[in-house]
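A.B. asks: Take a look at this one; I'll ask things after.
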Amino acid sequence: DYRQFQSTEQEYSVVENKVSREFVVTNDKNIEPWNFDSISVVELQEHFKRMNEDSLMHSPEFVIKPRSHTVWENQCVRLHCTVTGWPDPRVVWYKNNVPIDPLSNPGKYKLESRYNVHSMEINKCDFDDTAQYQVSAMNAKGELSAYASVVVKRFKGEVDEFLPAPRLSEYGITFQTQIVDRFGVSFGREGETMSLGCTVIIYPALHRYQPEVQWYKDDVLLTSSKWYNMHWSGDRATLTLAHLNKEDEGLYTLRVSTKSGYETYSAYVFVRDTDAEIEGAPGAPLDVRCLDANKDYIIVTWKQPAVDRGSSILGYFVDRCEVGTNHWIQCNDTPVKFARFPVTGLVEGRSYFFRVRAVNKCGMSHPSRVSEPVAAMDPADRARMRGTVEVPEGIIPEKPQELQVTEATKNYLVLSWKPPGEKGLEGVMYYVEKCVSGTDSWQRVNTEIPVKSPRFALFDLAEGKSYRFRVRCCNSAGVGEPSDPTEATTVGDKLDIPSAPIVPTRNTDTSVVVSWEASRDAKELVGYYIEGSIVGSNVWEPCNNKPVNATRFICHGLMTGEKYVFRVRAVNAAGLSQFSPESEPVEVKAAIASPAPPYGITVLECVRDSMVLAWKQPTFAGGADITGYFVDYREVIDGVPGQWHEANIKAISERAYRVSDLKENRKYQFQVRATNMAGVGIPSMPSDTFLCEEWTIAVPGPPHDLQITEVRSDSVVLLWKPPVYQGRDPVNGFYLDIKEAGAAEEAWRGVNTKATEKTFMKVNLTEGETYVFRVRAQNKAGVGKTSEVTEPVPALTKPGTKEIAVNVDDEGVVSLNFECGDITSDSKFVWSKNYEQITDSSRLTVETKGNKSKAVFSSLGEDDIGVYSCLVTHTDGASSSYDLSAEELKRLLVVSHEHKFPIIPLKSELAVEMLEKGRVRFWLQAEKISGDAKIEYVFNDVAISQGEKYKMNFDKNTGVIEMFMDALTPADEGTFTFQLKDGKATNQSSLVLIGNVFKELQKESEFQRKEFFRKQGPHFVEYLSYEVTPECSVVLKCKVGNVKKETTAVWYKDGREIKADEHLGFTEGVLKLEIAQISKKDSGMYEVVLKDDRGKDTATLNLKDQGNSEFFNCQIQFYSNSSTPLKITSTEKGIRLYTFVNIYNDLLQVTWHYKDSAISFSDRIKSGVVGEQLWLQISEPTEKDMGKYAIEFNMGNGSLRREVELCGQAFDDAFAEFQRLKVTLKYLSSGRARVAGGLPDVVTIQEGKALNLTCNISGDPLPEVTWLKNEKEIASDEHCILRFESGKFASFTITAVSVSDSGKYSILVKNKYGTESGDFTVSVFIPEEVGGKKK
């Protein structure tokens, strides 16, 4: 069927099945090409316009002409055409100008006419059906005819008898053969190996049954050879091309024959030239053959290559090789341009191979494939060897007949004739004679040996001269009369280069069919070469590498969607013609076919004499837009359907139609056909039987034309049309139902609980599930019938799916953009608002380019609020939508304004910072700015520019904009502004410097300027500060910089020098002054002066009581924090509470508390300090003394409390110990170890002096004596001499005191009755040089 043929992707890849009556199209040059795609859109529009019965009458016109076919014997073929005209034309078919009468030969011809499509089917074609067929259309306005040829062929090599008709085997089995897994159009390169294979399924499968498998190339049966290897594995047929050459290019056919018939499959194989050994060298010649063989010469012919690689071929070299050797000999010294060459110098009786090489200015090509071997032998001897020559009787023969010059070139000339007609003569030989034109001087050419064959080649003729020739017969009886002489023949290349043909084109799916007119003046034409080029590239590629004989060729391997131009040139032995003019550009796009049948016919409304039908669109549109539908109906009486009748003559575009003129209470069936450019498709299956009776129900009829779009993994959009039958009241809403595909009817559930007035709805889905949908309409009377159920829809987002994207350009124009990756050449972008196609372009303009489409809003406003969607036709449902809500509208308007009036974004606003020398830097940084931006600097509304006062800088890489000033003066108080402009984008930033802000900045500028000059000499990096050491010493320190060896530092206290460092030995530039155990007497103003010849710098620190209370508070806090927790002990006098501090001096102020009240001291309750111990003594304690006691350290800015509870068990234990010690002391006081006296509390002594202290010791038994310094035991040595003499006197002697001897000293005496200690403090001072001031 021609529709199936049109839908195939590759025109050569067609399956022929004798049983199913399909056909194959070959590239026979005698077949008139059928060009479907040459019909333009304008012609189609005119066609449908003329189908309108209201238009004017016009003569017949062929929209689609019948197409020529080549078929095998016993196949069926159908010729189609589409005719328009008004009134409807009458169509008559002719065979060789004789009208065809189907009744004269029943079963042979079948004629049909439907919807202006006319067809003729020829059943079981035989050789007599090979003819030219004519279809003639006529009406009152005129007559028009179209022609097509049918050629019935059989495979070469078969006997001259009909192919076996399908029949049952001897077992009564009918075999069904199917070829699957088939090879397609293939591309190879010279030297490669290629395999073509198909899987063959034969049913029923019989064990060991062997079908006949044959391979053909260009209708020639192939046999196994070194070039072809055929294999049959039982279910797969394979043909291997061992070494590809351009001779292997052509149409390959697999034929599988069984006893029940045969099936074939064909596809084209293209062979490209291999890469040249020398760049620019031409392709190899091809198809080398031996045209004529004699005992002393062989004429070799070949075909020119299609590829010369940009440099014209200068000629060809012919090589020969004797069979049985590998030695190739070049036969010609200079290249020959003519594609035929006589090879001489052969040895009679030996066989030779031949090959040819092409040469151009770049170099030599690869050699061609070698020819078949041929023997150098007289043709008569060859015939005699075959036993085909009769031995006649001895009679002088008559003259030869029909002498003629068959070939004449500048290199040689060939004569041929027919032997005399007598029979029974002795064996005949021939003498050839020549004569220069214009003379009667005949000269015998072969004087020595007559030739035996009726063919002779002459060499060494003078080029440009004219000759006549004649031949005589001779045998053993004598020499006969000469033949009639030939016409005068001029020696030279006789063949002319063909003229350039004209090239029309048409489209198929991924290839282009090129057809042209045959060269009219070409003689002995070899074929044609076709070249193609992408428009604009100017690069031409060969479409075939082997000349084709037909005037129509399919160019494969093209890129879909690209536009190509083509050109053709003819070739014969004389060479290649000039290229034809370029064809018109043609886009490679899918071929079209008639659409598949619609389905799902339902009734939407029924009245007494009409019914409204609806149906679903075809699943396959045929590659072109469906232009309409035709509806047929038939009456069904008692279950028996009648004849089909046309319901509409003109195609209808909607998928709903009212069929009128029906009869009430009759039953009807309906069928629908779809139509497109290719024609009318086959009808749908007949619908269910419907009764024509008027509907009277109050509720609405079913909605119809349900469409599913925007399928995603989580949602889908469903569209529908309102019911035709409204019911008693208008429809006021719709309900959408959903269920999983395959679920029971009870699984239907509603998507919306409230009826929607819209005819579309977005439904949320679960990914991976498959769903079906239906819709119900409602009016005041209730909910009506459900619509037809949709096809199952899987919730799955297809790969490559894209959504509509919103874009705002630099002009603030808002557009919706959609891109589709699966677009075809026939696809269209259809934009809709609220799922109604947009036809008004006043608010929205659509621009489409390639696979992208853009809908541009002219002036975005509230009228544009809605759901916008885009559907791409001729795709697998590519679609998307965008909801332009009120909120989104507001957002887009803001973005549009920003784009229309853009602002340069800033990372930081204008700021000011101080640099060294008091320089001021004003700066800001733009987030994104180009190098072409312009900056304007403004002060107090006046533009300022680069000069002595202002220095500007713009870093294009970082976007930093700067302005520098060396100093600020009162005149600089005001507002500074940076104004930026980058294309359309602008921005500015200002900084106000007035009042106190400006004064502080100016003051800081002056300070920084002074600081810069200060740091040019020795200076303080860090000024004087202090720190307290764990030993309670205070260290004054400062950090200096830019010092040298001559730099000195002098320390002062209250204006008096206390220390000078003439040679600074400090580390890391730090000066220190340590004050050991600071007290109030060390308060004062400390100063250090740093100086050399470059200048001086001064640092001061106030350590006066009133001036630096913070410092002394820090000291007090340090001492207080060193206190230990408050503890309880007992003495013979009472209970003592005490704590220890690291150092105690007059800075430390404490207060004792009892029950949170300060204690009033008396003779019974006393406090005191012994060394670093602070104590509270409660003499003769009673229970009234029980409670919480605390000592509070006053730290100036705070206080520290140490507390203890003297109550309960703690009081009982302490009181018991007091009683025990009191009793013990009473009895043992005479023997207890005691320090009787002699030790002062504090000793102040000058450095270098001797210190000697003595105290009395008593106790029985004799006490042990231990000396302590800072609570650490010391031993006697040369510096510190410790003695205990006579058991009564303990002495402490330091021969020469030093500052390191300063500290707290204790003597501890102990025996079994008790322990007692005596404490004193030693302070060593260094006398001053002048005035004796202590440190």
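A Cβ is built for glycine as well, from the same backbone N, Cα and C atoms used for every other residue.
Just so you know, TrEMBL annotations never went through curation; they're auto-generated.
Pulled the feature table from TrEMBL, pasting it below:
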type	residues	note
DOMAIN	60-151	domain 'Ig-like'
DOMAIN	166-270	domain 'Ig-like'
DOMAIN	284-379	domain 'Fibronectin type-III'
DOMAIN	399-493	domain 'Fibronectin type-III'
DOMAIN	497-591	domain 'Fibronectin type-III'
DOMAIN	597-695	domain 'Fibronectin type-III'
DOMAIN	702-800	domain 'Fibronectin type-III'
DOMAIN	794-885	domain 'Ig-like'
DOMAIN	1018-1129	domain 'Ig-like'
DOMAIN	1245-1323	domain 'Ig-like'
A.B. asks: Under a Cβ pair cut-off of under 8 Å, which of the recorded stretches 284-379, 399-493, 497-591, 702-800 contacts the domain 'Fibronectin type-III' (597-695) most often?
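C.D. replies: When the Cβ pairs under 8 Å are tallied, 702-800 comes out ahead.
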A.B. asks: Which listed range (284-379, 399-493, 1245-1323) shows the maximal number of Cβ pairs under 8 Å with respect to the domain 'Ig-like' (166-270)?
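C.D. replies: It is 284-379, which has the most Cβ pairs under 8 Å.
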A.B. asks: Calculate the per-residue pLDDT averaged over the domain 'Fibronectin type-III' (497-591) and state the result as an integer.
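C.D. replies: It averages 81.
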A.B. asks: Where DSSP helix means H, G or I and strand means E or B, what are the helix, strand and coil counts for the domain 'Fibronectin type-III' (497-591)?
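C.D. replies: The domain 'Fibronectin type-III' (497-591) comes out at 0 helix, 38 strand, 57 coil.
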A.B. asks: Quick check on the domain 'Ig-like' (60-151): DSSP residue counts for helix, strand, coil, in that order please.
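C.D. replies: Helix (H, G, I), strand (E, B), coil: 6 helix, 58 strand, 28 coil.
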